[in-house]
Protein chains: 2
Amino acid sequence: MLENIDGFVIDLDGTVYKGKDAIEGAMDTIAYLKSIGKRIAFLSNRGNISRKMCHDKLIGMGIDVEENEILLTSTVTANYLRENDENCQAWVLGEQGLRDELEIAGIKLADKPELADWLVITLHETLTYKELNEAFRAVRHGARIIATNEDKTFPGDGGDCIDVAGMIGAIEASTDQKVEVVIGKPSSLMAEAAFRAIGLPAERCIMIGDSLVSDIGLGKNAGMMTALVLTGSVNREAVEASNVTPDLIWDSLADLKRILESE
Amino acid sequence: MLENIDGFVIDLDGTVYKGKDAIEGAMDTIAYLKSIGKRIAFLSNRGNISRKMCHDKLIGMGIDVEENEILLTSTVTANYLRENDENCQAWVLGEQGLRDELEIAGIKLADKPELADWLVITLHETLTYKELNEAFRAVRHGARIIATNEDKTFPGDGGDCIDVAGMIGAIEASTDQKVEVVIGKPSSLMAEAAFRAIGLPAERCIMIGDSLVSDIGLGKNAGMMTALVLTGSVNREAVEASNVTPDLIWDSLADLKRILESE
């Protein structure tokens, strides 16, 4: 079934870890993939952390990955701005990880909201009214809106939590301006970044994730085989009610190791 | 021009005060209206403060009003829930003033978001992500959504600030649920509360405010004469560009005293 697959594009939140904890079997499966020479790209819609922060987190969970195997929307958003509006000034509604990635990409952070060409929105788990108001002011003074992703929820320690769609909704509803660019899955920008990193075409890759819209949607749009894991926000009932049909459905990433071992 | 008018329905933010300061001439005009026996209702879309807090603020500015002349959306929202779903439990995305009014009206505040029948949204100038996430959880667990108002901006000390529309936008975009009831101007619920308080019919009242949508819109919907003041977020240019035409346009509330003195 997976005999032609050498590239594994794997979601993180809800697939490899949930909140602060690794999902059972994820560590073993990833180590096994590496031991048999498969290529991996971890593709996450998280835009609030830097690649380095994410790498530290995975290593801390005992998951042995390289920093350049991690593709976050923070990095891909920063690269998008560098390629499309190199001399712009950005204002961030989000966290330090995104600011780090913008600075690594050479994007100037505006000194005040009124000077920004772009408002860059990502998840912001320590959001305050003051920060929301600064973002609002950036847009009222002409900043265009780009978002790392537009997920509605992410699986946190205490259940589903409000995600970037909420931050976008707040700004759009109060300014009457719309987000112009969304980087995250299921956007093709993320798939292209994954294929570049892995160095294989779509037909030799599988997209594995817990979200029907973001992960399975991206995989299908990009021409990859798709596998849904049930360790995130979707259960079998939700899959049956949906019009998105993954090629494979696994209880968790642990199933992948069992399948590969038995092939 | 104003000879048949005995009821003055007056907006607060941007009309009587702006941020922490009274608008020049507002105190004198209000004192003059009272001295000649006119009836007044202050009609504000503010839902984050209680009637008592607002009264204290006006008295502190030297504006001599009675507490029962003040009609805030916090009070009217609490009364709406008492009249329509008396035994409900409410979760507040907002500030203490709204909680005070709900408790005065006998509405139970839910102990946790998951127990709420209604999420009540108002302005929340100390909003945090945690509070936004609790509101999100209330709706994900079945709470219906009511908002004190849906203003996009309010005039703050440092310029226009993001208002309740932003908080509503965050919840709607992340939950796919829509707000069911909006109490604030231009809703007829606020006009009805004003006529009850003043004890006069629409044709003997004038609506005075700085917002074309909220104030002039409410006045026209309710059959009142309307006067726009230019001390808030609207200037003459914006009036000309709009398809809402107030009966009168004044630089500030001070014009009203001059007009009445000259009649």
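Any Cβ shown, glycine's included, is placed from N, Cα and C.
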Of the candidates B:Asp176, B:Asp210, B:Asp247, the one that TrEMBL places in the Mg(2+) site of B:Asp11, B:Asp13: B:Asp210
Mg(2+) site shell beyond B:Asp11, B:Asp13, B:Asp210, criterion: Cβ within 8 Å of Cβ centroid: B:Leu12, B:Gly14, B:Thr15, B:Val16, B:Ser44, B:Pro155, B:Gly209, B:Ser211, B:Ser214, B:Asp215, B:Val229, B:Gly232
Three-class DSSP secondary structure - B:Asp11 (Mg(2+) binding site): coil
What is the separation, in Å, between the Cα atoms of B:Asp13 (Mg(2+) binding site) and B:Lys185 (substrate binding site)? 13
So what sits near B:Asp210 (Mg(2+) binding site) in its own chain, CB-to-CB under 8 Å and at least six residues off in sequence? B:Asp11, B:Asp13, B:Gly14, B:Thr15, B:Pro155, B:Leu228, B:Val229, B:Leu230, B:Thr231, B:Gly232, B:Ser233, B:Val234
Return the residue, from the listed binding-site residues B:Asp11, B:Asp13, with the maximum count of other C-beta atoms within 10 angstroms of its C-beta. B:Asp11
Which of the three DSSP states, helix, strand or coil, fits B:Asp210 (Mg(2+) binding site)? coil
